[in-house]
């Protein structure tokens, strides 16, 4: 038995300089697991609640001392003595202790820090790398990275409404090569932006945030960079968008300030997205409609769902109840998996499993406020998710995940598998 003998929560900083929760879990054997939780900027309204102190005199109200106190008191009392290898039972203990539907009493940030740290401690105790502990012998598929090279929306201070413009190395023979391709395109894009006299400063997720004329201009910059780096757009490197459409959905219309204040119905917005998909090698669109616009989602799915991955982030918030409703109504065809949207590892794995059973893809994701914690890299391989979003090819909080995946690929050796385009298995 891997008995938990001590738990310590603490307040640390995330990549935006805001407080977040870190937790250490000590086992009877002397083994320790440590984990830190991320935080989002554009968030779904039905996400599990991240507990903040609200004291404006301290960290502008964003302190997490209440969440830390819950770890060091109530949660500690409830889980001391439990077997760290019983992850599902431990997570259920946390859920029952909180007693709310959205984890608002203890805070999803407190609960997730404990859930992750326990898994790390148990993996260390078992002598297994985390990805192997989480996934057993079946975890051997590296994820296709969706690399956010141009930022807009809530992640940048420019005129772009869409939040992320991503490159996806679908033609790479291995994860290591996919990272190399991405890095080379990133540097080619930097030179192009610089040569055009625009800023090469990066946003929260490490992508550039140039002030361009419109959204197609951003796409064309990326296509130029792919060509300049020596690759073929579409065949070797595809494109992905994260619209984060809830952020520009106002009074029942999609208001695109980056397109001159254009106001579109869901049908008109679908038509615009479809035009872009016909014109450019776009194979994935995340949050193409607002989270509450299920009729719009239905329209988008019927129009593009056979040929484009339509990812629900704010739509599904890693929640199996909402995902099941979406599956039943044939809304979207993919789910974004963010561990802090739901608050425990067990619930995260349940969402991934439900998606796969329904023929939906599952994309493991970071948040815009990250830490050096690389747990999501291990989750991506352990669950054979097939895809990961963890930012651009800069900022150590993003690179930490890529580097961990490179280590995992090396550890797997000849059995490591990079799916490439096959990761988008639900598309024609």
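Backbone N, Cα and C atoms are what each Cβ position is placed from, and that goes for glycine too.
Mg(2+) is bound by 242, 313 in Swiss-Prot, and the record lists one more residue there from 216, 259, 286, 291, which is 286. From the candidate list 87, 141, 163, the residue Swiss-Prot records in the (2R)-2-phosphoglycerate site shared with 338, 367, 368, 389 is 163.
For the recorded Mg(2+) site, residues 242, 286, 313 set the reference point as the centre of their Cβ atoms, and the other residues of that chain within 8 Å of it by Cβ are 163, 164, 241, 243, 244, 285, 287, 311, 314, 336, 389. If you measure from the Cα atom of residue 338 (active site, proton acceptor) to that of residue 367 ((2R)-2-phosphoglycerate binding site), you get 7 Å. Here residue 205 (active site, proton donor) is positioned 8 angstrom away from residue 367 ((2R)-2-phosphoglycerate binding site), judged by their C-alpha atoms. Between the CA atoms of residue 163 ((2R)-2-phosphoglycerate binding site) and residue 242 (Mg(2+) binding site) there is a gap of 6 Å, rounded to the nearest whole number. If you take the C-beta of residue 242 (Mg(2+) binding site) and look for same-chain residues 6 or more apart in sequence within under 8 angstroms, you find 148, 162, 163, 164, 166, 285, 286, 287, 311, 313. In this structure, the C-alpha atom of residue 389 ((2R)-2-phosphoglycerate binding site) lies 10 angstrom from that of residue 205 (active site, proton donor). Counting in whole angstrom, residue 368 ((2R)-2-phosphoglycerate binding site) lies 6 from residue 205 (active site, proton donor) by their C-alpha atoms.
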